[in-house]
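Student: Summarising the annotation, Swiss-Prot assigns NADPH binding site to Thr10, Gly11, Ser12, Ile13, Asn38, Asn123, Glu125, Gly214 and lists sequence analysis as the type of evidence. The 1-deoxy-D-xylulose 5-phosphate binding site annotation in Swiss-Prot covers Lys124, Ser150, Glu151, Ser185, His208, Ser221, Asn226, Lys227, Glu230. Here Swiss-Prot flags Asp149, Glu151, Glu230 as Mn(2+) binding site, drawing on sequence analysis.
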Amino acid sequence: MQSLVILGATGSIGASTLNVVKCNHEQYRVFALVANTNVAKMLEICIEHRPLVAHMVNAQAATELKRLLPSELAIEVTTGEDELLSLVSCAEVDTVMAAIVGAAGLPSTLAAVKAGKRVLLANKESLVMSGQLFIEAMQSSGATVLPVDSEHNAIFQCLSERTQLEIGRCDLAGAGISHILLTGSGGPFLNSELSTLSSMTPAQACKHPNWSMGQKISVDSASMMNKGLEYIEARWLFNASAEQLKVVIHPQSVIHSMVQYRDGSVIAQLGNPDMRTPIAHCMSFPQRISSGVEPLDFFKVGQLSFLEPDFNRFPCLALAIEACKQGQEATTVLNAANEISVQAFLEGQIRFTDIAIINEQSFKHVTAQSLTTIDDIMALDSQARQYALEAVNKLK
């Protein structure tokens, strides 16, 4: 029985993970649940899943949870950064679902990697920010990292067994691979008039045509920054060059990504757009378990279509690709700026089209020396956030 820690337990990925656990309760034990401030949701899932530990990042939320939890459950409530890092490194823990959104998830995800855990990586920002440091930590500790993002999980499933064992140091050309084809739906504004994008609301941006996701990733999907971050993540996970990575718009979200081989073959992974499928795959790899997802009905799908991305419509995607070419400093800055600009948009402070403007300004103006430690990364992240906040204030 695997002992599981879920980072970001009250979020969308956390809920899907617990759903898969429920379908396979004889194989998994929830050792700990980790959340930030959502006490009501944490209380609900603690009562249902009975973890040994419930960790709240917010100290006030931890106090409130401790007060509300029935004492007979004997769940230990903890808070604090050191306690969280100790929790993911605990000898009793086998697997860590890394699903805290954004830069906030980097320290705990990296701690799990350094502890040699089986890490189910849903926090793409960890690789976007720490890249080489992350890969080096994984190789040094012997940690197993499995990609949860549907696209990267699809790519992983399309690789040979040998290449699957070489995450972070894959030799794609040696495996006969010519291109990784990263698919994306194009989001809710794919067919909107360009002139209307500046007036799009947070509610419209969060109404994804195919996926049910949290607010931040929904806005990122609307701008295709999410695909840009996934492009950067794919670069590190699969040791891919810019020439080996291509983005393909696929509005139906049925093909989750593809791998093109030298001999002309293209292998694709298909399925209904439901995160429980890649989560179940990662949790059980190399075996297969039930995810609770309905099988794909090809007769209902009807057609599959593909488009080249329009960078005039999706400038954030172009920025991310350029940042990936420039290196770690650029991707760290872009990620930080995007978190600030998206939050400002969600709060009604800026227009949807201002997200790309702020991201580009930050990308061009915030610079740093080489990043050799996690402290270097977090310092640059903080610097980029401050610049982006100032840019937001100028646009209000």
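Including glycine, each Cβ sits where the backbone N, Cα and C put it.
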Student: Looking only at Lys124, Ser150, Glu151, Ser185, His208, Ser221, Asn226, Lys227, Glu230, which the record lists for 1-deoxy-D-xylulose 5-phosphate, tell me the maximum pairwise CA distance in angstrom.
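Tutor: Pairwise Cα check on Lys124, Ser150, Glu151, Ser185, His208, Ser221, Asn226, Lys227, Glu230 gives a maximum of 19 Å.
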Student: Hey, what's the widest CA-to-CA gap across Thr10, Gly11, Ser12, Ile13, Asn38, Asn123, Glu125, Gly214, the NADPH contacts in the record, in Å?
Tutor: 22
Student: Asp149 (Mn(2+) binding site) to Asn226 (1-deoxy-D-xylulose 5-phosphate binding site): how many Å between their Cα atoms?
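Tutor: So the alpha carbons of Asp149 (Mn(2+) binding site) and Asn226 (1-deoxy-D-xylulose 5-phosphate binding site) sit roughly 11 Å from each other.
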Student: What's the CA to CA span in angstrom from Glu151 (1-deoxy-D-xylulose 5-phosphate binding site) over to Gly11 (NADPH binding site)?
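Tutor: If we compare the Cα positions of Glu151 (1-deoxy-D-xylulose 5-phosphate binding site) and Gly11 (NADPH binding site), the gap is 19 Å.
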Student: Pop the Cα-Cα gap between Thr10 (NADPH binding site) and Asn226 (1-deoxy-D-xylulose 5-phosphate binding site) into the table, whole Å please.
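Tutor: Here the two Cα atoms are 21 Å apart.
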Student: Check the DSSP secondary structure of Ile13 (NADPH binding site), expressed as helix, strand or coil.
Tutor: helix
Student: Cα distance, His208 (1-deoxy-D-xylulose 5-phosphate binding site) to Gly214 (NADPH binding site), nearest Å?
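Tutor: Computed Cα spacing between Gly214 (NADPH binding site) and His208 (1-deoxy-D-xylulose 5-phosphate binding site) is 10 Å.
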Student: What are the other residues, in sequence order, whose C-beta lies within 8 angstroms of the center of the C-beta atoms of Asp149, Glu151, Glu230 at the Mn(2+) site?
Tutor: Lys124, Pro147, Ser150, His152, Asn153, Leu182, Asn226, Lys227, Glu233, Ala234, Ser257
Student: Quick one: give me the count of other CB atoms within 10 A of the CB of Asn123 (NADPH binding site).
Tutor: 29
Student: Can you count the other CB atoms that lie within 10 A of the CB of Gly214 (NADPH binding site)?
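Tutor: By my count, 15.
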Student: Just how many other Cβ atoms lie inside 10 Å of the Cβ on Thr10 (NADPH binding site)?
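Tutor: Total other Cβ atoms inside 10 Å, all chains included: 23.
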Student: Within 10 Å of the Cβ of Lys124 (1-deoxy-D-xylulose 5-phosphate binding site), how many other Cβ atoms can you find? Include all protein chains, please.
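Tutor: Other Cβ atoms found within 10 Å: 28.
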Student: Which of the three DSSP states, helix, strand or coil, fits Asn38 (NADPH binding site)?
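Tutor: Going by the DSSP assignment, Asn38 (NADPH binding site) belongs to neither helix nor strand, so it counts as coil.
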Student: Whole-number Å distance between the CA of Asn38 (NADPH binding site) and the CA of Lys124 (1-deoxy-D-xylulose 5-phosphate binding site)?
Tutor: 22
Student: Enter the number of other CB atoms within 10 angstroms of the CB of Asn226 (1-deoxy-D-xylulose 5-phosphate binding site).
Tutor: 25
